[in-house]
Amino acid sequence: MRRLSLALLSALLLTASGAAIAADSPKDLVEYRQKIMDALGGHTGAIASIVKQQVSYDQIQANAEAIAVTAPLVRDIFPENSGPLDYAKTNALPAIWDKPDDFKKAVEKFEAAAAAFPAAAKTGDKAKILAAFKELGGSCGNCHEHFRAKQQ
C-alpha cells in the first residue's frame, strides 16, 4: 500500500511540476522550488537523525523513498526567469543558468544517489546505509557548493 501511495504521489508531483513550471510567474516558480528543496532537506535531516541514532531506524525507508520520489523534480524547477536577477529572494546562483551542462551533471549525480538510497536503506545494513547516505549528502553538497549562495 505504501509503495502504491508513493507511486501515486510521484506521478502527481511529476505531472503537477510540469504544469506549474509552464504557467507560473518567476516569484511563484521560486516559491515552488524552495518548497521542493525544503522537503528534500527535511527528509535528509530526518535521515541524519536516524543515522546518528537519535531516533529509530524504523523510519529510514519512508524518508529514503520520499527523497527518491522527489529528486527527479529538481531538474525542472530551475527554468529561465527564475534566477536571482528575476526574483531577488532566491539562493540560486546565476551559475545554474550560465553553466547549464555543469548544473545538469550535478543534478543527475544527485538523482542517481537519491534513486540508489532506498535499496541501501532496505538492507538494514547500517554500513551500507551510511555509505549511501554519504554519497547522497555529497551530491547535495556538490550542488550547493557551486550553484547555491552561501548561507548566512
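One-based numbering along the chain as shown.
Heads up, the Cβ atoms here are built off N, Cα and C, so glycines get one too.
Keep in mind the model is a prediction, meaning the values are calculated, not measured.
TrEMBL lists 1-22 with the feature signal peptide.
Per TrEMBL, the feature heme c binding site maps to Cys140, Cys143, His144. In the three-state DSSP scheme, His144 (heme c binding site) is classed as helix.
Cys143 (heme c binding site) has a Cβ environment of 18 other Cβ atoms inside 10 Å. Counting every protein chain shown, 16 other Cβ atoms lie within 10 Å of the Cβ of His144 (heme c binding site).
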